[in-house]
Amino acid sequence: MSGRGKQGGKVRAKAKSRSSRAGLQFPVGRVHRLLRKGNYAERVGAGAPVYLAAVLEYLTAEILELAGNAARDNKKTRIIPRHLQLAIRNDEELNKLLGRVTIAQGGVLPNIQAVLLPKKTESQKVKSK
């Protein structure tokens, strides 16, 4: 017999990516390959690329959320490098992490020294009260 019509044999389960197993959007397999090819260590454990992909995904989501808020504050629907710059520099922890990073087309934060601002006169102080 040719084996047609035989019931039996094991049905192989549908392949599931390591990213979907970990509940991530970032590619765990690609991170693992890059860790191996990058000569960071002789061997790479199974959990290392999952952890690194999760950290990268978290940082990306955090920056994109803040940049989206900056875009919305400027009444724009598209995130541009300026919004990324504003998001990173206005967040204390992200600014510390990316302090030495230059963002192309990012511009600078608006900042006027207090001594350069016009001084309040007595008449302005009375009006403001």
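Using N, Cα and C of the backbone, Cβ positions are placed for all residues, glycine too.
Residues or ranges marked as region 'Disordered' by Swiss-Prot: 1-22. Residues annotated as N6-acetyllysine in Swiss-Prot: K6, K10. Annotation source Swiss-Prot lists compositional bias 'Basic residues' at 7-19. What Swiss-Prot lists as N6-lactoyllysine is K10, and the listing cites similarity to another entry. Here Swiss-Prot flags Q105 as N5-methylglutamine, drawing on similarity to another entry. Annotation source Swiss-Prot lists phosphothreonine at T121.
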Chain-internal residues, separated by at least six, CB under 8 A from Q105 (N5-methylglutamine): I80, P81, R82
Secondary structure of K10 (N6-lactoyllysine) (DSSP, helix/strand/coil): coil
Tertiary contacts of the compositional bias 'Basic residues' (7-19) (same chain, 6+ residues out, Cβ under 8 Å): 25-29, 32, 49-50, 53
Those residues of the chain, 6+ apart, with a Cβ under 8 Å from that of K10 (N6-lactoyllysine): none
Q105 (N5-methylglutamine) in three-state DSSP notation: coil
Local Cβ density at T121 (phosphothreonine) - other Cβ atoms counted within 10 Å: 9
